[in-house]
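Participant: What follows is a single structure, and I will ask about it in a moment.
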Amino acid sequence: MNINQLILRNLKKNLRNYYLYVFALIFSVALYFAFVTLQYDPAINEVKASIKGAAAIKTASILLVAVVAIFILYANTIFIKRRSKEIGLFQLIGMTKHKIFRILSAENVMLYFGSLAIGVAAGFSISKLVLMILFKIVDVKADAKLHFSEQALVQTVIVFCGIYLLIMIMNYTFIKKQSILSLFKVTSSTEDKVKKISFFQMLIGALGIVLILTGYYVSSELFGGKFKTINELFVAMSFILGSVIIGTFLFYKGSVTFISNIIRKSKGGYLNISEVLSLSSIMFRMKSNALLLTIITTVSALAIGLLSLAYISYYSSEKTAEQNVAADFSFMNEKDAKLFENKLRESNISFVKKATPVLQANVDIANIMDGTPKEMQGDPGNMQLAVVSDKDVKGVDVAAGEAVFSGYTDLLQKIMVFKDSGVIKVKSKHETQPLKYKGLREEFLVSYTFTSGGMPAVIVDDSLFKQLDKDKDPRIQLAQSTFIGVNVKHDDQMEKANELFQQVNKKNEHLSRLDTSAAQKSLFGMVMFIVGFLGLTFLITSGCILYFKQMGESEDEKPSYTILRKLGFTQGDLIKGIRIKQMYNFGIPLVVGLFHSYFAVQSGWFLFGSEVWAPMIMVMVLYTALYSIFGFLSVLYYKKVIKSSL
């Protein structure tokens, strides 16, 4: 057999054994090329958000390269170690290290650049689809065209050639450093030896669980009123991050082994074949991969959490728009409102107009606040709030000497908590009126321009409102003292009405609920698009790494399967244990990552939107379904190994 035949044979073998690596490499190249193509596509700037579309895509492509580079280099480390005995045999038959390096380099050139070429072709073919997905998410009305960019091609080739150069340096360093004897010991030295579990290890296991639970508890109290300053919040967030990450590392280092040992002892040491194959492997292998599993779990939690928060903002855009704009269309002056009404009538669009007089008054709300944040902006004893008459609020009749608050965001409900009752003081220019606070309504009566961005409006008796109007403080009144809202009666006429609104709103001083919702969808749609694809890339790469580790374990355990089958155990007996083992190997990092992301999202979801459960559950279910594919593939590989063991 000559060198060329040897290279081709090894290449064929590698393609058969590491097809998932080739797939992940092709997928990564395709996604990167598609992203870079979008970056240079003129159509991307049709995405009207508060950030430039091309700039966002460029940032995403840099993060994508980082994820892909780490995956490829780590996967290469696994492969070169798995082939250490093969390299040792080459040296035993007289090959020099330089010649062995040339053989490996030739294999990698064909495998790597073949995948690169296929990936670029695939990336070009899906670039239009990716652009269509982006336009759909951000609700942009534009045509997506298939666009080939030479700049994108050059950038992709340069980036992946750089990664390939790093692979070659790693391989050369590995071959140069290893002696023949050490090459035959590489795989056997990578796992911890089976030994009795020490008290120290049990202590580490217990400490890991305590640290994780402590981090969860602090995260649940983050905005509950216990941390009242920015510095306190920063320290608490830093503690949560450190506690959960260190706890996760200790969990894999000791907790899993500790819990598995408790299960084993509870059975008196008598384990069936399924328990032997699952528990034993987890007890003595998982802790050797503690750092890797910690990174995978942490980044999985980060990806799920960020995607959940972005989707919460996207999902809540319409409700957030309803909170910010109290009618379909809100006007700051009567002149433009009249012009808009005339245009609606000319187009036969039915509508209802409502004008609500609004006063600004300083209100002492200190008595009804349940705790006062130390760094709260504004004085609770002199808070500027919008005041409206109960006559202008349908279905509300406020008695003399009483007041009702209406309209309050989820964010303010977490940061500024009101009691159920108490006394507030409404101040006019010369007088102060004490009023009994009678509770909080959800309805937003006026747009955010009247309410300092989301504070509640105060509903008072009409006679008191007239009195306050006569004695109002002119220094705090807004230029517009009347909220003018226009609601379109039929939803199917909303788009047309919004087009007419754009003709009137030339100075962007008025508000459209539809435009406000679209702006939020555009911004967070872009974030969701980027985080979604980055999360998908990480999911595939991390799933592949776990799969490769299982491939290595299955080959190491092959002699054990041979013995077990000779003892009379069937393939079905062994596969049953393997399924349980893979549920642990893939399930534990997934479940821990889901818990991390759940508590992270729960601690601050209200900063991003008004709906939490539906978006979060959808993201978690989708991530779990895709992640489970790798567990299924690893079971199939084990089946093949068990079948060939006898």
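Note: Cβ is positioned from N, Cα and C throughout, glycine not excepted.
Residues or ranges marked as transmembrane segment by Swiss-Prot on the basis of sequence analysis: 18-38, 60-80, 115-135, 152-172, 197-217, 232-252, 290-310, 526-546, 588-608, 616-636.
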Participant: Any chance the transmembrane segment (526-546) and the transmembrane segment (152-172) are in contact, meaning at least three CB pairs closer than 8 A with a sequence separation of 6+?
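Facilitator: Not in contact, no.
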Participant: Are there 3 or more C-beta pairs under 8 Å linking the transmembrane segment (616-636) with the transmembrane segment (232-252), counting only pairs at least 6 apart in sequence?
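Facilitator: No, since the transmembrane segment (232-252) and the transmembrane segment (616-636) share fewer than 3 Cβ pairs closer than 8 Å, they do not count as touching.
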Participant: Output the single range from 152-172, 290-310, 616-636 maximising the number of Cβ pairs under 8 Å to the transmembrane segment (588-608).
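Facilitator: The stretch I would name here is 290-310.
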Participant: Could you tell me what the rest of the chain brings near the transmembrane segment (152-172), counting residues at least six beyond its ends with Cβ under 8 Å?
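Facilitator: Cβ under 8 Å, 6 or more out: 29, 32-33, 36-37, 39-40, 65, 68-69, 72-73, 76-77, 80, 101, 104-105, 108, 112-113, 116, 120, 123.
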